[in-house]
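What follows is a set of notes on a single structure, which appears directly below.
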Amino acid sequence: MKICVLPGDGIGPEIMAEAVRVLEALELGFEMEEALIGGGAVDATGTPYPEATSRLAKAADAVLLGAVGGPKWDTLPREQRPERGLLAIRKELGLFANLRPAILYPELANASSLKPEVVAGLDILIVRELTGDIYFGQPRGVEERGGERYGFNTMHYTESEIRRIGRVAFEAARKRGKRLCSVDKMNVLETTQLWRDVMTELAPEYPDVELSHMLVDNAAMQLVRAPKQFDVMVTGNMFGDILSDEASMLTGSIGMLPSASLDENNKGLYEPSHGSAPDIAGKGVANPLATILSVAMMLRYTFGREEAALRVEGAVKKVLAQGYRTGDIFEPGTSRVGTRQMGDAVLAAL
Ligand code: IPM
Ligand code: MG
């Protein structure tokens, strides 16, 4: 059982160190190997997703990733930006199914910007398609046309792409609250009319799941108005990017949320939902819990070790109950700790 570890940029190495300690403490016999991705990879090799990293990632059963990017690389040509490394590994490994849970831990109810009664008990799963849509569509670019600059991108989906993410979402809903909301913009965009049609065609195969549809602008509004109406949401790559950030903030801190990106055989890339947070990088104050919870998702989805996953999640709940808080979730009356101390607390709870 081989894990490719990609700490990446910014706070990536700090939070990854804690996740790796948790993995080691579980003593499950995983083999871990580290490689470069993102800005650090650009500095060392000239490309954000070097050949050696690609080889390691392909050979591993799972990839654990910290975060990529930072202001230092923002002015590089597009192909050399750290984000390109992330898009490349998703595409190359065929990681089409991105699972982004947004769970509100009762201890953190005050961290949300919404009223506690609106978010108490919140537990949403966003299933985002990750290897298609306008993110990868051709043609794309910025050109000179008719004497001015012209920018263009292409939104597209094949029905088989929609069907396979639809199945992941229906299956996920089946294991949870049995409600699936498919999000599209069918009133304007043909591609997303096809999306709605294919989801509707799949529904009879999952009679135990209640399928509904919602336009993306309304979904964005409903997420802040009454988020608990949702159980599982499924949507395309771009809408999913936006809605998952919105959903994550309902829980108060994006620093708590893990994610999984899976291929058809449950090989997966696991990463916190947050970014590289260059403003606090190297200070030892970042919240490692999203990365630690990503380890739990990896144990569950790729390795089928449900018990170990629950142990890790239980340890995280315990440290929250004990009052340990990194700066992003700190409130008066709790104990403020740094990245390493939070890792220590999780290890002790384990
Ligand atoms: C995410 C990020 C990425 C995306 C960026 C960094 C390319 O925002 O994982 O949500 O847009 O998919
Ligand atoms: Mg995003």
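Residue numbering: from 1, along the chain as shown.
For all residues, glycine too, the Cβ spot is worked out from N, Cα and C.
The secondary structure of G70 (NAD(+) binding site), as reduced to three states from DSSP, is coil rather than helix or strand. Under the heading NAD(+) binding site, TrEMBL lists 70-83, 275-287.
Within 10 Å of the C-beta of R100 (substrate binding site) there are 23 other C-beta atoms, taking all protein chains into account. If you look up TrEMBL, you'll see R90, R100, R128, D217 marked as substrate binding site.
TrEMBL lists D217, D241, D245 with the feature Mg(2+) binding site. Listed in sequence order, R128 are the same-chain residues six or more apart from D241 (Mg(2+) binding site) with CB atoms under 8 A from its CB. For the recorded site, D241 (Mg(2+) binding site), the DSSP three-state label reads helix.
Note on the domain 'Isopropylmalate dehydrogenase-like' (2-346): its mean pLDDT in the predicted model is 96. The domain 'Isopropylmalate dehydrogenase-like' feature in TrEMBL is assigned to 2-346.
Taking a C-beta cut-off of under 8 Å and a sequence gap of six or more, Y135 (site 'Important for catalysis') has these contacts in its own chain: L87, N237, M238. Positions annotated as site 'Important for catalysis' by TrEMBL: Y135 (among others).
Annotated site 'Important for catalysis' per TrEMBL: K185 (among others), in sequence order. Mapped onto three states, the DSSP output places K185 (site 'Important for catalysis') in coil. Taking the Cβ of K185 (site 'Important for catalysis') as reference, residues of its chain lying under 8 Å away and at least six apart in sequence are, in sequence order, T192, L215, V216, D217, F239.
The Cβ of P82 (NAD(+) binding site) lies under 8 Å from the Cβ of G8, D9, I37, G38, G39, A41, V42, P48, V68, G69, G70, W73, S276, each of these being in the same chain and 6 or more residues away along the sequence. In the three-state DSSP scheme, Y135 (site 'Important for catalysis') is classed as helix.
Among the binding-site residues G70, R78, D217, D241, V285, the ones whose Cβ sits under 6 Å from an atom of ligand 2 are, in sequence order, D241. DSSP assigns A277 (NAD(+) binding site) to coil, not to a helix or a strand.
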